[in-house]
Structures are given as C-alpha cells and as structure tokens.
Amino acid sequence: MIRNYVSKLSSILGTNLTVFLILSVVIIVFFGRLTHTFYQQDEWNAVGLIYSEGIEYIFPYSYDLADFILVKGRMLSSLIFYLLSVYFPFQNTYLAILAIILHIITSFLVFLLARLLVRNSLLAFLGALFFALNAVSHGAITWSAIAISAAGSSILVLLSLLFFFKYLESSRQKFLLLTGFALYFSLWFKEAGLYLFLFFPVAALFFKKYTLKSYIQQFWWFLVPFFAIVGYRIIELRFGPPDPNLYISGASDSFFLTILIRLIIYPLTSFSLMFVPGQPFIEFAREVLRDNYKFFASSPNNLLISQSVILDLLAVILTGFIVFVLALFSLKESRRNIKTVLFWLILTFVSFSPYVVLSKDFSYLESRYYYLPVASGAILFSWLLLRIWAVSGRKLFFAVALPLSLVFIFWHASAVKSAIEEQVVFSNWRTSFIKDLKSTVPTLSGNKNVFYITGDRNYWADGNRIPFQQGSGYTLMVLYYTSGKIPKEFLKDGYLFDIGSQGYMEIGDLGFGYFWNKNDLEKALINNNLSPDNVIPFYFDNAQHKLVKTKFIM
C-alpha cells in the first residue's frame, strides 16, 4: 500500500508543469489576500521621489559610467516600480499580483535546484514548499514593493546556480557564461548575490580540476567584477558621506572591525533563525531570561536583552545543533553529494554577508533579507528529508517524518497567513483614511498649508496618530503633490518622512507643515506669521477608524 502511495505521489509530481501548478495554487491560497493590502512604508518615499525627480528616479543624472558598470542602484526594480506608480498610482493590487507571480517562479526554481541534489520530486517539492511558505522570509513578498527587488534578483541568482551546476556537469563554457550574465543582471534588481562572483570560482575548485592558466581564463571575469564592485562600495562607505539608510559608515571608528565581527555573528545567528518563526522563538528567549537570569529580568530593558543577547545565544546553539545533525546524516552519503551539500551549507551562511553593513534591532534581520538564504536552506531541508528516508525506511518516513514535515511547513504557513491578515486590516484603515481625507479636502488651494491631526491612539511611535508606518506629514505631501502646492524639494529631501516627526517649512511662496502637538503648532504659526486659517485640523477616531474634520482655535 505504501509503495502504491509513493508511486502515485511520484507520478503526480513527475512533471515540471504539475509541480509549477501545485506551487502556484498553494502560494495563491496563502498569499492571495495580498491584493487587498495597501502601501506600507517605503512605497510612499519612492512615490515621493518619482514625483520630485521624474525619470531621474531610475537614472540619476549624477551617475557616471563607473556607476553604471559597477551597478550602483537598482535600476531594473526602480524602472518596474516607476511604471506601476505612474500608470497605477496608489494601487497595490498590481504590485501584489506581480509579487505573487515572482514568488511562484522563485519557488519553482528552488524545486528544480533541490531536485538536482535529491533526485526525488516529492522531497524537492517539500523543500520548495518550505521556501514558499517560510514565515521568516515572507516580508520579501508580503511587502509587495520589496518583492520587485528581492524576488527579481533571487530569480536571476537561482538561474545562475542552475547554469553553474550545468557547467559543472557538462564543462561547457556557454553555461559558465550564462551563469555570469544571470548573476550580473541580478545586481540591477538588488546586490544580494554579489558574493557569488567570488563563491563560484572558489566552489568550482571543489568539483573540478584546473590548470592555473585554464582557471584564470575561465573565472577572471567573475573575480574582477567582485573585487571592483566590493572595493568601490567599501571606498564609498569608508570615505563618502554617511548614508542615513545604513548603520555603519566611514564615520565609524571601528569600520573594518565591525564588518569582520558581523561577518561571523550574522551567519551564525541567522542560519538557525530562518527555520523558526520569530514570535515563538522570541517568547522562548524571554522565558529563558526570566528563569535563568533573574537579575536581568527585572531590568527596564529586559525585553531588549531577551530578544538580542539571549536570542543570539540560543540561535548560535541551534545553528550548532543543525550543523551537527546535517553532519551526522552525511556520514554514509556519497563523496559527490557531500561536496554538494557542503556547497549549499556554505552558500547559506555566506548569503547573509551582504547585510553586514546593516545594524539589527534584535537577533532577527529584517524579513526580506532572509529570502535568498532560505532558498539555500530549503534545499538543505530537502536533502535532510532524503537522508531521513534512507535511514528510517519508506514506511516509517511516510508514517512519521512526512506528517511532521507538513506540520512544520504549516506552522510557518499559518504565521504568513496571520501576517497578511494583519496587513489587510491596517490597509483598510489606510484606504479609509485617504477616502475620508480626499472627500473633505479634495485639493489644496492656499499656498501655505498646515495639517493638524489628533487622535486617541499612537501607531508605532509617539505622536503618530494615523495608521501609517512613515511620517504623516510626508504621506500628506505625496497625496496632495498634484495640487501644485507642495515644493518638490520637500519630497526629494525626505522632509517629515520620519515617523512621528512634525514641523513647518517654506520654499519661495509655498509652505507646508504637519503637527500633532498643539503647543508646537501654535509656536510655528507665530514664528512664521501664519494665521489659524492656514490650519487644516482633523481628528482620527481609532474606534471607528474614521477621519473627522474639526475646528482649530488658538
């Protein structure tokens, strides 16, 4: 009976088209509600830059030839978002559909790569399913605008991996060329795969033998871009002006030491974290702190300690355990397969290297940064299932290991579903806010406008009275930019983009401000010779999620 069951499953998953369709259905079921979500945060900044810069948002005039050759910026992902924003402004549906399509393609490529290793469609499918429904990396897709760069680059990186294995198998130079081209163009979406320009030449030495001359001839054009681009970025970080989007710059006294430490710590912690949904692990870390470090448990910053220091410690321990299990199951594996497993294991670790310039608020990196590492982790997951099958036997595998694997994947999937539903709720509040706002104040008629919005709740930061994850003032400027009363410099410079920020500024005869604190508003009116007539007051009712026009009296 078990044999017939296996045979039926194998026949169902026997064709690529069938697997692609099943993955598509599963992803649509779990991610379909993304079409009911709205802009989250960075989309507002991007739309503001598109308004203020136009086509320069994609092709900055300040770029020179070196910037283009060394792939500064994300021009392909910027171009796609530009087109969607211009032709479908303030509509997330098309972004969400594109994100889902890209995620389906990426998941299918994970299946193909996993099958190359395990030679079993069912186990490769389970690995692809783990990737598709992963709770730790879902932000790369559930944040639809991010999917353009994250999934777009990942598709090309995974294609480069497929071509690389074709090259190793056949030694045909055309596959190595395709590997390089796919990898290079992935950088135009996001630089997540930059490290592979070095990793591929090094990895090739483990699988093939070369003379020094033939090795240099085949891989020099991988090594030169790697050292040129990395060197260029280091010079920019070390000697250029500080980038507000980064948490380390040339201004850091311990620039290189910080990079070195993070190159060790980030992979050791992040490897295991991608297998465990965040919230349960964070709760476990808090329990460990309360039970074993009571002198810290009563500290005012005990939550920070538990989800940084304690969680880092637990993550490193779990990473060591996972690597031990992988090593244990590889004891009777073939030499060729051990090399391939080691390839994927090391690749998973180094996949976190691009993010060493970023600081972490706690042990988990931002969800989107796990997308490509989880792809490698999913392939290791497929291989581990293969070894469990070989050790336990077919009957025990289908009776115990397979159901447990499905429960594990569903654990991740349920977290993804919950995260999307939470987004849908906030998206409904945001679209309702915009509808109420535009029905009350369709456009701005005066040259100097000051919004004053109060409410009975803070969202994500003190003073942020409306359910947006970026500065309310910036959001309002984007919504009213077409009125002609918002200086484009305000959007270009990110004025009022920080959440909870307030203030008033003028350029020429145009001025704009946003306040949630009445005292600060009154001071701004006096200092800038403005009258109460310049104020546009609202109250956001959190209980009803309605925006109500009010009166402002000094």
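Note: Cβ is positioned from N, Cα and C throughout, glycine not excepted.
For reference, TrEMBL has these:
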- 12-31: transmembrane segment (TRANSMEM)
- 94-114: transmembrane segment (TRANSMEM)
- 121-141: transmembrane segment (TRANSMEM)
- 147-168: transmembrane segment (TRANSMEM)
- 175-207: transmembrane segment (TRANSMEM)
- 219-235: transmembrane segment (TRANSMEM)
- 255-276: transmembrane segment (TRANSMEM)
- 309-329: transmembrane segment (TRANSMEM)
- 341-358: transmembrane segment (TRANSMEM)
- 370-389: transmembrane segment (TRANSMEM)
- 396-413: transmembrane segment (TRANSMEM)
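Scored by C-beta pairs under 8 angstroms, the transmembrane segment (341-358) has its highest count with 175-207, from the stretches 147-168, 175-207, 219-235, 396-413. Within its own chain, the transmembrane segment (219-235) has Cβ neighbours under 8 Å at 66, 70-72, 180, 184, 187, 191, 194-195, 197-198, 200-201, 204, counting only residues six or more beyond its boundaries. Nonlocal intrachain contacts for the transmembrane segment (147-168), taken as residues 6+ away from its ends with a CB within less than 8 angstroms of a stretch CB, comprise 74, 76-77, 80-81, 95, 98-99, 102-103, 105-106, 109-110, 112-113, 116, 140-141, 175-176, 178-180, 182-183, 185-187, 189-193, 196, 200, 203-204, 207-208, 368, 371-372, 375.
Looking at 94-114, 121-141, 370-389, 396-413, the range that has the most CB pairs within less than 8 A of the transmembrane segment (175-207) turns out to be 370-389. Sequence-distant contacts of the transmembrane segment (255-276) (same chain, at least 6 residues past either end, Cβ-Cβ under 8 Å): 134, 136-137, 237-238, 248-249, 311-312, 315-316, 318-319, 321-322, 348-350, 352-353, 355-357, 360, 363-365, 370, 373-374, 377. Looking at which of 94-114, 121-141, 370-389 has the most CB pairs under 8 Å to the transmembrane segment (396-413), the answer is the stretch 121-141.
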